[in-house]
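S.K.: One structure is given below, represented as structure tokens, and several questions about it will come after.
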Amino acid sequence: MFLVGCILLLLGTVASEQCLAISFSGGGSYGAFEASVLSTLANILPKGQAEYHVVEGISAGSLNTAILSMYPYGSEADAAELMSSLWLNGGDFAYTNWPGGVLQGILFESGIFSSSKAYEYVSACYSKPSIRRSAVGFVNLDNGQYEIIKETAGHEAFFLGTMASCAIPGVYPTVQMNGHTYVDGGALLMMDVMSAINRCFEIADSQEEITIDMVAVRPRIIDLNSDKMNSLEVYSRAKEIKDFANSLKHVLWAMSAYPNVNYRYYIMPLDILPGFRGLNFSKEIIEECLKAGTNATEYYVKNKIYAREVVHQFDDFTIYPSN
Ligand SMILES: *[C@@H]1O[C@H](CO)[C@@H](O)[C@H](O)[C@H]1NC(C)=O
Ligand SMILES: *[C@@H]1O[C@H](CO)[C@@H](O)[C@H](O)[C@H]1NC(C)=O
């Protein structure tokens, strides 16, 4: 009888397992911000509260995802350390010229820069099997569909998927997988909360058992003085506005589709991060982004500011038209 009781109890716990997930958005060198958000969460939350069962990311966030996926529960701070060192080395691999330079990239390749060094650096970091539920997203350039790959596809396939997720269209070469051509998931969406929730349903039975943290790198939209911007600044500012709203929109969709999930933290920088929209990988800039991640995380956690409150402040930017 005792044994039966134990078995029932065990089944009971298995059936009602909690799932904790983290979602990392895209954002180039701002991936460094996400690394320090993770290490700060691991440091300041009570034990177990940053032990994520599921990790999901787009573009820069996919690199952080691949790294976190290798570490056992409880080693999140160690994973964040490896992420930080990858970002601090970004200057060595982010802008690798083709032998024929930028002209070769523009005229003869599928990206302005070569990704050969990035492949080397990332494969050196992503050196162990993924042992957490993970997903990274990219866009199929042939048919326009958004797709994800999970760690269950195997180490090599997940690595390639991560590189596809980082292949900023036109900037880095496209990635071939299963007979299709892929680019950065950020071409379509910046934060794929829905995939993280879907993976949580592999272990949780109900929305109430799912908790998700989200890390975004675009700052609050603030009023800039834009009248003196040059063309590149206007282009990148417009992209920043789009990416900001795009991260939030997908969170709002998830919130309306799964209203009972616990949307815990939505952490974003408190100020615009330095480094020209995530394109500058100098060590100095990366270090600032790391500091900003700690600062922002402490702010949200200590002041008990939760995701819904953060996201709904921006309804004016995500609901059309704004007044
Ligand atoms: C990147 O930032 C560093 C430090 O602020 C600066 O010295 C450098 O010129 C920047 N690089 C580019 C390409 O803007
Ligand atoms: C650090 O956090 C404070 C709020 O706690 C904020 O006012 C400040 O702008 C932040 N600084 C940076 C560099 O993010």
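Each residue, glycine too, has its Cβ placed from N, Cα and C.
Nobody curates TrEMBL annotations by hand; they come from automatic prediction.
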S.K.: Which stretch, out of 26-31, 128-133, is listed as motif 'GXGXXG' by TrEMBL?
M.R.: 26-31
S.K.: Return the average pLDDT for the motif 'GXGXXG' (26-31) as a whole number.
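M.R.: PLDDT averaged over the stretch: 92.
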S.K.: Per 10 Å Cβ neighbour count, which of the active-site residues Ser59, Asp184 ranks highest?
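M.R.: Per the Cβ count, the most surrounded site is Ser59.
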S.K.: Which three-state DSSP class does Ser59 (active site, nucleophile) fall into?
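M.R.: Coil, per DSSP.
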S.K.: Specify the secondary structure state of Asp184 (active site, proton acceptor) as given by DSSP, simplified to three classes.
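M.R.: Note: Asp184 (active site, proton acceptor) is in a strand by DSSP.
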